Amino acid sequence: MPPTNGEGGSQQPQQQQQQQQQQQQQQQQQQQQQQGGSGSSDFVRKLYKMLEDPSYHSVVRWSDDGDSFVVLENEKFTKTILPKHFKHSNFASFVRQLNKYDFHKVRHNDENGESPYGRDAWEFKHPEFRADRKDNLDNIRRKAPAPRKQQQSEEAFNASQQQIAALSESLQATQQQLQALQQQCYELEKTNRLLVSEVMTLQKMVKAQNQASNEIINHLGSMEDRRRNNRGATQAAPNFHAGAMSFLTDGAEEPAPELRRARELLSVVGPDLQANRELERLYMTYNQNGAPAEPAATNSSAVMFTQAAAPGTQATAPGMPLVHNPLNDPQNMMYPVAQTPSIDPSFHTDQMHNMPYSRPLSNPAVVAETSSSQITPSQITPPPKDQMSSMWRDKKPRVLLVEDDKTCARIGAKFLSTLDCGVDTAGDGLEAVERINQDSTRFDLIFMDIIMPNMDGVSATAMIRMVSPHVPIIAMTSNIRGEDINTYFQYGMNDVLAKPFTRDNMSRLLRRHLAHLLKDPQSAASTGIVLTTDDLTLAGQTAGPATTGVGVGVAGAPSGGAHGPGPPAQHQQGYAMAPPTTMQPAPPQVKFEQSPTAAPAPGLDPSSAAAAPTWQSTNPAGVQLQPPPPPTPTQPSPTSAAPPAGLDPASAVAAAAAAAAAAAAAAASMTPGGYLAAAPPPPPPPGAMVLTPAGTPTGVGHPAPSGAGSAAGARGPPGPGPVGPGSVVDDSRPEKRQRLMQGGYASVSGHGHGHPGVGVAGFVQ
């Protein structure tokens, strides 16, 4: 039976619903295909349909194997087929679309490299795109974007954020540093202004005081003239001649010495015109440019110079207000910063940790203020170096620094250079003697070390005194005991510079001994004594009585005997006339292994010679040193008996020297330090010159009387010259003994007997 109208009416809505559902499903499939869903792409289906059309086989078709398609004629394909099936207007965009769906161009690796379909043919292939597998079209989908790119973009974004943070921190640190520098510049500028103002005020005060002093001196001079005129007018006529003579001898024609000296002092202490002009220029510059505003006084440095200003004087100059101005706040004077700072492409994240940052200011609110007109560096220039004040006059002193230690010599030369002195250096005493022999008047002062190779400082001083008796020689040593200083002064040294020394100590000695070269000679009077009685061990406290050998000084050098220093010829004559059996007080037991001594003058009793105040018992600095105690008389040795009658003194000296040398050779033994004491060679005739192991010419010592010695084995100290009999290496100072032995010197113990004083050339402190 046909359906009724009611039934037909109910079936129509159901069909419409089914059609709508089918349409929705088709739309969803299309959306899925466009979005890379489970359905195949419309582009792939169009491509497959185009290849199925036999009318296009001459332009585009499947390959022989059916696993790829070939575009035979590129131009026809672009003009006729692409516009009909695709929305591409050129072949390049079509190839890019194929690449998006993972189609790849087939490249032929034959010998000729040409496609079998022609030279202009383009062949494309996909693993799922085949002529006999239409059902595989759903597997061909558009390639999704790689997730790595998104991750890289996120990392780049994070890196850019870190760079921005690092740059902002660096900018903040730079701003804080700039604020700190502005604060310091402000304080320096304000301090400089105050100092210039104070100096100008002090100059005005000094000028006023000089004027007042001149007025007082003129007034006193006029009063002195009136007094003298009144005294001359009241003299009686009978006594005119005598009064006139006394008037002339009393100095009526000349002013009082006090007034004359005051005028000289005022004339010497004159202002430096160039410095005054520079100060005036700065003062005028500051007044014209104005002063910077003063920040809140939160620390003591802001008011330091204001509190130090003298009462009754103006602390600041006119035109220099110290009022806070908010418009000059350094925070408002910063360099402008962009809102979005640019990032350097070459900036990497590993560089952020290498950026220097300064610590933030503890109180960044306290900032400086700068003046509206800044003073450029060209406006304020320091004075030239050659215009700096020197303490010397036209001639600068020339100093010879004798020191074997390179470090000490470098420091001393630097100090002397800063004191505006010309410096020459010598490495040992022998080199210093050669310098003096070349030009004895070249040097104004000599700093002499004591312990040196080749020739020690005392021997070098004794030889220099033969050529230059007046040049000041200052010993540089750490031994500043009284007995040591007596030895230095005895052989011609003028002063002692204790090691380690300073620039002030060296300057004080230069002012003392070169006062005639100073601009202001009166400044030398203010120099104090370098050595005090607390620093000195007075002579004779550690010296024991002993008989001594009398030796001639090094190369006939003068030595301090009872007569003190004198010309070398006088000393040599005194030595020649001294009898070999003359007793002499023992010199102080100094730190040298050999202590040079000298014979007393003829006819002078040894005890009186020891008690007589000589130049060796008083140093040039004025420190009184105790002379050595008188010796204990001992029984003379047969080897030192008086010469027989009729024998000249020279022959007696030679005979006694030979006898003493033989006795010393027989008494050669082990020293207290364990070194074998070598027997001395026969001494040459008196007055001859011999060479030490280092090649230093020295004088030959006279024979000395031999004594019984004390219970402790007192030994007679030798005379100056190379190490010889009668010398003992002090066992308590092994480092000095080792240095002496390394220099080639031998050590022979006296064992209680006085031996010929051949002398010492290598004194050891």
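From the backbone N, Cα and C atoms, a Cβ is placed for every residue, glycine too.
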Review point. For the record in Swiss-Prot, which of the ranges 157-198, 199-240, 325-366, 493-534 is the coiled coil one?
Key: 157-198
Study note, to complete from the structure: Model confidence over the region 'Transactivation domain' (542-765), as mean pLDDT, sits at 40
Check your understanding: Can you tell me how the residues of the region 'DNA-binding domain' (40-145) break down into helix, strand and coil by DSSP?
Key -> 42 helix, 17 strand, 47 coil
